[in-house]
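Annotated in Swiss-Prot:
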BINDING   27  Cu cation binding site
BINDING   30, 267, 272, 275  Ca(2+) 1 binding site
BINDING   37, 278, 282  Ca(2+) 2 binding site
DISULFID  99-115  disulfide bond
DISULFID  147-192  disulfide bond
DISULFID  191-200  disulfide bond
DISULFID  268-276  disulfide bond
DISULFID  288-302  disulfide bond
DISULFID  339-384  disulfide bond
DISULFID  383-392  disulfide bond
DISULFID  415-461  disulfide bond
DISULFID  460-471  disulfide bond
DISULFID  484-500  disulfide bond
DISULFID  537-582  disulfide bond
DISULFID  581-590  disulfide bond
DOMAIN    19-209  domain 'Albumin 1'
DOMAIN    210-402  domain 'Albumin 2'
DOMAIN    403-600  domain 'Albumin 3'
MOD_RES   107  phosphothreonine
MOD_RES   228  N6-succinyllysine
MOD_RES   443  phosphothreonine
MOD_RES   445  phosphothreonine
MOD_RES   459  N6-succinyllysine
MOD_RES   569  phosphothreonine
MOD_RES   587  N6-succinyllysine
SIGNAL    1-18  signal peptide
């Protein structure tokens, strides 16, 4: 990259980076401005999401009261922006409403202490009390009951969905949740007319649930990236992702969008849901206004209403890679001015490297592209301090190859394991692997994470080679972030803490490299995990699997160096025991009689 060209790029980037694409007009009343922009229904939905994400234990009706109060106040401010309190910040208005809740101390304990603080510390305090794993009842869809509720009051049904999802997922991307709530109501509009409501509803609800959980995990990773590694981490991720999706867009267009996309996510992660949704709509408009310069795939998205438009843009397929792109080596390895360009503006130069690499490689995972950029940066830091920098960095692309080979080999190996054993067997192999790596982690967390990791086989292994790596690596990033979020709340393993905090892009390789934790002191054998009753016979298959996998984790915590053969023997005995007693006439009597024998045979097998 010649010096004159690079300076032009730097000036363009600096301008785009500072300007972004949003109008940033000031308004006398922020709440009136957002109410006017968003409309009453979206305003109410977003306020309900915000309160539900902060006050996760409050009943729905209490939240509805808070939403009504704030909506009426917003309408007052729309009518007269100079009305008392209309000039207050949204944080102040929301915080004041939260602090009015009579049962705040009783229900949330020291969260009530937040109310003694001033903004912005008060909002930060509320954010810190969000619970990623709240103790809430499992939702079980009953088609007839749900259809009756839907027909009785569609608006309330929509609100109840927002409330139930938001309080279970306190970082859910709010404008996306509005989109899913509308889709959810649409499913009931269709299926409640059907003769067999359950046959129509349940598969659609299950499919939507998977999408909603994936959306929640993606946003939780974005928020964790900002919280733990700063905006730069999310910007780098977004540059790689958008460069893959919009490979014909130029670097300055990509960085403009990245700057404001980061602002949108930062707002939502920070609880500023009204600003987040409003800015996201503006960003979607900008992208559609400039679609010809960005991607041929956007047209279908841009004809949709605002919530569907934003969702469609986020999910849009990658555009075709432009033909005749020059080789990467020309600007980033062969050019003798690389160090000059890098030292003049490191982030711009590395950003352009990431952009150029990503747009040429839609088949790579974002996390892999970020590892390539990180190692390229480390190489330049080393080489640019030497007497002959060019001789040092000229072969850098050969040195980067291992970062692509490592995940490809790992995926091949794990997909072979999945194809041999199926999803449940693959999950069990991962339970053994991860319990040995981090036996201090709680049993429910190890089971949850291993089951989720095991689903990567079903999700990704059947995909074509060009899609396997992004599917696998990016999915694993979400699951490992969940482990890190849960572990941060109650840290028990130094190894897990190290992998979670040292490097966002190297989390997966760090966990892959962990071995048996030799510092762990095995726990005593606990009979309760091998004591069962007749109720296990009527459990759904998934819950039966979880019972067995819980026992497997506990076995490993008792005997982390147990051989695969020992574990196989114990688990086969366990399955035979359950099958025998579930087939018996007196099931409970069988469990009482045979249970102690299972405990004895298990202890003998592990001796």
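Here the Cβ of each residue, glycine as well, is placed from N, Cα and C on the backbone.
Neighbours of residue 267 (Ca(2+) 1 binding site) among the recorded positions 99, 107, 392, 415, 569, defined as a Cα within 10 Å of its Cα, are absent: none qualifies. Here residue 272 (Ca(2+) 1 binding site) is compared against the recorded positions 37, 302, 443, and the shortest C-alpha distance is to 37. Same-chain neighbours of the Ca(2+) 2 site beyond 37, 278, 282, judged by a C-beta within 8 angstroms of the site's C-beta center, are, in sequence order, 34, 38, 275, 277, 279, 280, 281. Cα spacing between residue 147 (disulfide bond) and residue 275 (Ca(2+) 1 binding site): 34 Å, rounded to the nearest whole number. Take the Cα of residue 30 (Ca(2+) 1 binding site) and measure to each of the recorded positions 115, 192, 282, 500: the nearest one is 282. Across the fold, the C-alpha of residue 415 (disulfide bond) and the C-alpha of residue 282 (Ca(2+) 2 binding site) stand 42 Å from each other.
A sphere of 10 angstroms centred on the C-beta of residue 461 (disulfide bond) encloses 20 other C-beta atoms.
The shortest Cα-Cα distance from residue 461 (disulfide bond) to any of the recorded positions (268, 282, 587) is found for 268.
Scoring each of the disulfide-bonded residues (115, 581) by how many neighbouring Cβ atoms lie within 10 Å, the top position goes to 581. As a whole-number mean, the pLDDT of the domain 'Albumin 1' (19-209) in this prediction is 93.
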